[in-house]
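Undergrad: The structure is given below, and queries will be raised subsequently.
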């Protein structure tokens with residue numbers, strides 16, 4: 001979209017978050033990741049982008065009112081890392097064309113790589129030199145900031161002033177580089193030559209305050225609201241969800257450093273209102289910004305009211321400074337973007353997952369690779385793979401089978417709660433050991449790790465009791481937690497035996513005949529009486 005829409009998106013979120021946000025450092029505004037996502041659904045049309053802002057805000061607001069912030073817990077860290085790492089590469093390479101001064105490069109990543117390499121001979125020398133110089137300066141200032149020792153209050157005044165100058169220079173490096181590049185471009189313009197590709201004219205003044213348009217007029221007719229929504233498709237889910245995810249990730253990172261907690265549902269409300277009101281001033285979808293949030297934290301901002309200052313400065317720029325933006329070279333802006341997104345690539349995550357849990361490399365790699373095709377497909381595929389792995393661990397819980405009472409009985413110990421997909425796994429584990437043994441053996445089911453069960457599990461246990469009973473064997477339960485015991489007693493299972501501890505189950509199991517009605521009655525009545533009020 002035209003450049004001014006970035007400014008239109010930069011102030012409303014600051015004002016709204018000041019009143020509704022829960023993290024003192026977070027600043028809402030346009031970000032590289034959100035811009036990349038929106039570009040997939042806005043089709044280079046501001047009307048689509050603004051309508052997407054309004055609809056995303058409505059979805060986020062509804063999620064906040066319904067307290068659906070917990071849904072973010074289902075997006076695993078490997079998926080997030082795969083997405084941000086791939087996004088850092090695609091965003092960076094998307095700016096190479098501006099560094100080299102190339103035009104007409106397609107948006108799709110693989111076509112972009114092909115066309116850039118094919119037309120590299122058309123590189124504009126001025127843009128390339130300026131872009132590479134800005135990249136070098138930004139890298140140097142970043143390295144200087146990371147190695148800058150903190151000046152103590154006991155240091156002499158000249159030392160503290162020097163520290164402040166260096167800190168300000170390194171913290172505001174993006175603005176200084178763009179300012180310097182703009183001065184160089186203006187100098188060439190005055191001399192009558194211009195070796196750089198410039199931003200060009202930006203409309204001056206504030207955007208009109210009005211409802212977003214719910215249809216779009218084209219030379220071929222009018223696109224109605226329903227068709228626009230269908231065109232956006234899965235973007236109506238991906239954009240609000242990823243916007244919230246980015247904000248929460250930033251808020252959590254800075255909250256852990258500053259010892260305060262955030263409320264995901266309150267963040268949803270803040271983002272919902274920010275996007276809805278932002279659509280009235282021609283904003284595209286916004287989210288938390290890593291860069292601006294870091295500057296806020298490093299500047300000593302104590303409350304979200306710091307957003308008021310940020311928003312006010314953007315408004316002043318729109319009213320008085322847009323004419324100066326004409327001379328900003330695109331190569332300098334590209335260098336700033338590349339410098340900002342390169343640290344998002346986390347090469348160490350692959351090594352860490354290999355050491356910790358190699359199976360988590362699957363959703364990471366799926367997300368990472370598919371994001372080069374389309375961002376939304378990568379995210380959805382990564383979430384799907386993570387969900388499958390999660391469901392598999394539920395359906396196949398670890399089960400330990402061992403012999404007790406000198407091999408007369410088997411002790412079966414599930415190491416997690418039992419849910420309906422795990423019933424067959426439990427039955428197979430019990431039957432394969434109890435019925436194939438010579439002679440067949442009764443079973444003690446140690447339930448100390450089981451905190452919940454569902455109806456399908458109860459039905460499966462009833463069938464298991466019947467199957468063992470047909471072979472003259474018994475199944476005794478021990479160490480049942482009260483919620484699980486209450487469910488099993490309510491089901492009135494035939495042949496149900498329960499013992500408070502494993503030791504008592506082993507002692508009774510070895511002393512009493514299998515399937516003893518007296519033992520069943522005593523254990524059941526004891527269990528029921530323990531649940532009754534005194």
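Any Cβ shown, glycine's included, is placed from N, Cα and C.
Note that TrEMBL annotation is computational and uncurated.
In case it's useful when we look at the structure, here is the feature table from TrEMBL:
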TRANSMEM  47-72  transmembrane segment
TRANSMEM  234-256  transmembrane segment
TRANSMEM  268-287  transmembrane segment
TRANSMEM  299-321  transmembrane segment
TRANSMEM  327-349  transmembrane segment
TRANSMEM  361-392  transmembrane segment
DOMAIN    408-493  domain 'STAS'
REGION    504-534  region 'Disordered'
COMPBIAS  514-534  compositional bias 'Low complexity'
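Help me picture where these features are in the structure shown.
TA: Tertiary neighbourhood of the transmembrane segment (47-72): same-chain residues 1, 5, 38, 41, 212-214, 216, 228-229, 231-232, 235-237, 239-241, 243-245, 248, 263-269, 271-279, 282-286, selected by CB-CB distance under 8 Å and a gap of 6+ residues from either end.
Residues 4, 7-8, 10-15, 17-19, 21, 23-29, 171, 204-207, 292 of the same chain, all 6+ positions outside the transmembrane segment (299-321), place their C-beta atoms under 8 angstroms from a C-beta of that stretch.
Cβ atoms under 8 Å from those of the transmembrane segment (361-392) belong to residues 36-37, 40, 74-76, 78-79, 81-83, 85-87, 89-90, 109-110, 234-235, 238, 242, 349-350, 353-354, 421 of the same chain, restricted to positions at least 6 beyond its ends.
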